Amino acid sequence: MFRRLSRWAAALPLALVLAGAAGCGSSDPAASAGASAGGTTTVTVFAAASLTGTFTELGKAFETANPGTTVRFNFGSSATLAQQITQGAPADVFAAASPATMKTVTDASLAAAPTTFVRNKLVIAVPTDNPAKVDELKDLTDPKVKVALCAEQVPCGAAAVKALDAAGLTVKPVTLEQDVKATLTKVELGEVDAALVYKTDVIASGGKVQGITFPEADKAINDYPIATLAKAPAGDLAKRFVDLVLSQQGKDVLTKAGFEAP
Amino acid sequence: MTTTTSTAPARRRDRDPGQGAVTGRLPWVLLVPALLGLGFLVLPLAGLLVRAPWSTLGTRLAEPQVLEALRLSLVTATLATAVCLLLGVPLAWLLARVTFPGRRLVRALVTVPLVLPPVVGGVALLLVFGRRGLAGQWLEAAFGITLPFTTVGVVVAEAFVAMPFLVISVEGALRAADQRFEEAAATLGASRLVIFRRVTLPLVAPGIVAGAVLCWARALGEFGATITFAGNFPGRTQTMPLAVYLALETEPEAAIVLSLVLLAVSVIILAGLRDRWVTAP
């Protein structure tokens, strides 16, 4: 009896997985069908991971200002999001962390005329006790200082290379992380002595790391473009969300988080 | 226990796969889901093959960092498997042959890395073996050893994630093995260590090989724990899965090529091993 029970118990996770997969499969078509039927009440926004805090706040403001609407977010690496959009993901708005990733989408004629809405600057992030006594960019070239950078394939890595080139410095990092949050985590845990991340990430970490500004960062400013997508299921509502981001209210939320006006 | 009655036919099945005495019409109830299952597993592979940029395949493969990542993957997965064998086989023996309080709990704990999202595993490893980790602090102070961002760190991350596969299959083999041989050896005066070495190990060798193959395959594909614990640096800690992930950010075609290389190498090695070892008597 017990053996039979345990056999069923073993099958349970599989059943749950299948049920979960079936649930995922059915929810998306239903959502897009609702939108195309005229009841355009949901705006789906694909946004760079670094916008998580600010856009969530703006999404709530949008829902309050437009009763009955819902804003759904898909936050992630801009490059991944761009690929999801070109592969046909049902999105209304795309906010990218770099012009290059936005270009993937505009090149596929899936969006037109993106607007730069904010800019983000790199800073040196160090653990709160700053064990390697880093206070300028040149200190990162010291072989005793363990440095983490973003991989060159992601926007923060490209910006880091640009800033170091502008300063004429060569840094030997111990790791090239897959995104800016992973880079920041290495600093938070004290595994590295310094990293180049965005100013907004340091502010969002809430004091777990210390940010040091450096003049060469001005040479590697990252522009964030936003655009409504050509096939936006939400139509006009998508444009209204972009308008909110570009409005004074949007600017206030974004600058408070450390972004700079374009 | 049930060993005397149930193991004999089970072992015979292992020896002659697909040549059972039962013949007759194949039941649809089993055949249809079996084929669906096969399709489900193989179709994504076909997708990779269809979308592969065959015309530029040669030039992409010749890039030095591809070979570097492949070499690093093969070396670290093999080392991780060796570590797992060294620690995992005795652990499986302990779980299968020694009665001690809390054995059930220990068995459940062994499977934790299976359930844990690998990224969480990587963070957990950092908290223990990192520079400020419980053991890592001591390692650095006493021996000047730091594991994160080193090739050894990759091996540690892979072994952590892959070991349960080995332990579970070896423990299963030990439980299915006929214990009468061990009992006979004991009555003839052999010590537990001699029994383990001369009787138990040869008896469960196919199970160990099967477990090692699973473990190696899991280590080869390891991504989350590796990138979190060991970071990503070409030639030092950038294994194939990490290279695939980063290539996907900018060049999906390059990612497909890298995935195909990893798949081809692992399929060749696993298929070769299966015929020679796993299904052998």
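Counting starts with 1 at the first residue shown.
Any Cβ shown, glycine's included, is placed from N, Cα and C.
A TrEMBL annotation is a machine prediction, not a hand-curated record.
Small disclaimer: the values here were computed from a predicted structure and weren't measured.
The transmembrane segment annotation in TrEMBL covers B:28-50 (among others).
Per TrEMBL, the feature transmembrane segment maps to B:70-96 (among others).
As annotated by TrEMBL, domain 'ABC transmembrane type-1' applies to B:70-271.
Annotation comment: TrEMBL describes B:108-129 (among others) as transmembrane segment.
Annotated transmembrane segment per TrEMBL: B:141-170 (among others), in sequence order.
Sequence-distant contacts of the transmembrane segment (B:199-219), counting only residues of its own chain at least 6 positions beyond either end whose CB sits under 8 Å from a CB of the stretch, comprise 14, 76-78, 80-81, 84-85, 88-89, 93, 97, 158-159, 161-163, 165-170, 172-174, 176-178, 181-182, 185, 190, 266, 270, 273-274, 277-278, 280. Taken from TrEMBL, the feature transmembrane segment applies to B:199-219 (among others).
Residues or ranges marked as transmembrane segment by TrEMBL: B:254-273 (among others).
Remark: the transmembrane segment (B:141-170) contacts the transmembrane segment (B:108-129), by the rule of 3 or more CB pairs under 8 A. Sequence-distant neighbours of the transmembrane segment (B:28-50) (same chain, 6+ residues past either end, Cβ-Cβ under 8 Å): 256, 259-260, 263.
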